[in-house]
């Protein structure tokens, strides 16, 4: 039995969906433990592409149980739409194999209105590039102890009272600060309950489900969303998400003790990407950056926004290792680098006149660093057909081993293409 946490080591979009899909074969239960539908996992199965925003990608594997933990914020409308879409494609979406924690907080219609109004109201330099999905405002209400939880859907009077109380404050903001029309409490209640009727059968005690699985000797895979450097505490604040994306939150966001987590896999893209605003020291605003963007199909699964591209940043990776304690690394999109004569790796920053090995912790400090690069030979070979470590060209292996050396973490999986079987185990 193995309990594995999969988390992103950069700014998200590292290719977690494919790796989770691969590891799901070896797991019995898959748990999503944080974030909301601001993240998207793209999974390619044969000729069919699935984009999942809330439901764990393990749902595509027959016989696997998928759980949504208390650390997630869930939009009932999006959840119901995702269920309908997957069911239409022949996926079993019964409550016996998909469950939501009763403690999971719900993204309400007023959260989305507030998120979008707040971002639109900011001056250009203050915008953080939110997806406008209501994630942040939902987490705000959770911390303020005024949020709506999934269990409230089964208690209509409690739900109605929470909505009415929330709109006293939210409508004051909408009308007084943002010039928006107020929301009607009855209309919000009816909208939420319409989706809630479909959602209630999926409610469960997720913590107990996981512990029961362990008691039966089954293995659990904890599926993270986004990436370490979008973490609310440890990321490039304020250009971050509203939850903890580091491996430690797998326990808190699922209702299990951290001593049960025995393997942590950090997903690392072979180059670096970022969506939206925020510092990006190794960003390439040139032909090489465009090459990576086009060849890597770097468009956000959730927003469709073009991802910014740059060289691999080992400073960021060192910090990720320090924060997450990974047992091993899965390196993705290595095939995208084929065709480049030289490849650069950022091994340090110059910050305030000194060379540093870790990111500065001051707000906006990352915007004022100069990357220090080392350059190694690239390769022209098409590696998408390679199936073993030995079959990879020497320059490819040298690049992988250099990343391993810099991070001090073994690279156990190397992805050389989007398909499930285009993955090399070491």
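First residue shown is number 1, and so on along the chain.
Any Cβ shown, glycine's included, is placed from N, Cα and C.
Positions annotated as active site, proton acceptor by Swiss-Prot: 13.
If you look up Swiss-Prot, you'll see 41 marked as active site, proton donor.
The GTP binding site annotation in Swiss-Prot covers 12-18, 40-42, 307, 333-335, 415-417 and rests on sequence analysis. Sequence-distant neighbours of residue 416 (GTP binding site) (same chain, 6+ apart, CB under 8 A from its CB) are 334, 335, 383, 384, 386, 392, 422, 423, 424.
Under the heading Mg(2+) binding site, Swiss-Prot lists 13, 40, citing sequence analysis as support.
When Cβ atoms from all protein chains are considered, those within 10 Å of residue 226 (IMP binding site) total 26, not counting its own. Here Swiss-Prot flags 13, 14, 15, 16, 38, 39, 40, 41, 131, 145, 226, 241, 305 as IMP binding site.
Cβ neighbour count for residue 305 (IMP binding site) (all protein chains, 10 Å cutoff from its Cβ): 13. Here Swiss-Prot flags 301, 302, 303, 304, 305, 306, 307 as substrate binding site.
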Does anything in the same chain, at least 6 positions from residue 12 (GTP binding site), have a Cβ under 8 Å from its Cβ, and if so what? 39, 225, 226, 227, 230, 274, 275
Return only the integer: C-alpha distance in Å from residue 307 (substrate binding site) to residue 13 (active site, proton acceptor). 9
Would you mind listing, in sequence order, the residues at least six apart from residue 306 (substrate binding site) in the same chain with a Cβ closer than 8 Å to its Cβ? 293, 298, 299, 300
Cβ packing number for residue 307 (substrate binding site), 10 Å threshold: 20
Conformational class of residue 307 (substrate binding site) under the three-state DSSP mapping: coil
